[in-house]
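Marked as active site by TrEMBL: 13, 138. Look at TrEMBL and you will find 68-145 tagged as domain 'GHMP kinase N-terminal'. Annotated ATP binding site per TrEMBL: 96, 97, 98, 99, 100, 101, 102, 103, 104, 105, 106, in sequence order. The annotation domain 'GHMP kinase C-terminal' is assigned in TrEMBL to 208-256.
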Ligand SMILES: C[C@@](CO)(OP(=O)(O)O)[C@H](O)COP(=O)(O)OP(=O)(O)OC[C@H]1O[C@@H](n2ccc(N)nc2=O)[C@H](O)[C@@H]1O
Ligand SMILES: Nc1ncnc2c1ncn2[C@@H]1O[C@H](COP(=O)(O)OP(=O)(O)O)[C@@H](O)[C@H]1O
């Protein structure tokens, strides 16, 4: 008997570097970025319904039910698969919104994989990633579940295996809109593409950083404080900043000093997402 209830993790991601190569005719930007997952994230529970209704029971401040990426992902999958089943959904949300750690995209990907399992659709990963891309540029990497060098708008993925340090992630109390940063006239949009693989060391810049720090003093402050202990970087379009440490103890030590005044958390970097590790254990 297949389970009629499923609880799955929905991990965060970091952009270890992010270069902006240019702007396409549709306004989207061509990127080169490196994604790695964190063993840290939300937890989503799905319970099967046989009446076709899709109901998210957890309320999100500022996000109407039908605009939630969890609901959008479920509805699209239901429509495109012609499935007559429905689902009740609850989420324990710990990932900050607008933090550049991909919470919304991750929730959408977890929902696609979770419902593919619960509704027994048998879709393969290519098909799920294709549907995911229509929900957001970052969804495919969460569907694939392996750390990746990404090109295009983030959909051309090459699996990579960077080191897996412990990270201290600081969460400045501001929500940064991705669209706002990409529409800033001062954004660097002409970084030459990296053509050799693996990506040579010294390419860890994030082209969004100058624009984000100019607009958000809170992010500048977090980068300065963390930068006293390790190389401090911005993930995605922010607001979160992060730094790597060789052990949990060292990350915890710096965390104890900085989280007196700032919000943050410590988590292990991971090249195989915890969602995929959990799904593997169900098979
Ligand atoms: C740049 C990244 C790096 O991971 O930023 P974060 O959002 O994670 O900070 C992502 O690719 C973001 O992906 P995602 O958050 O899914 O973006 P989307 O919802 O698809 O796009 C939001 C808006 O940002 C702009 N946008 C997004 C991605 C891109 N490559 N070029 C763009 O110009 C577009 O104006 C778009 O309408
Ligand atoms: N399930 C969801 N989780 C988080 N944000 C969501 C979700 N559904 C819709 N959103 C919207 O998407 C925006 C971007 O969210 P998120 O992916 O967390 O940020 P980022 O891409 O900066 O990491 C939020 O500000 C919110 O309005």
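Each Cβ is built from the backbone N, Cα and C atoms, and glycine gets one as well.
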Local confidence of the prediction over the domain 'GHMP kinase C-terminal' (208-256), expressed as mean pLDDT: 97
Cβ neighbour count within 10 Å of residue 96 (ATP binding site): 20
DSSP-assigned states of the domain 'GHMP kinase C-terminal' (208-256) in counts, ordered helix, strand, coil: 26 helix, 7 strand, 16 coil
10 Å Cα neighbourhood of residue 138 (active site): matching binding-site residues from 96, 98, 104, 106: 104, 106
Between residue 13 (active site) and residue 104 (ATP binding site), the C-alpha gap once rounded to whole angstrom: 11
Neighbour count (Cβ, 10 Å) for residue 106 (ATP binding site): 30
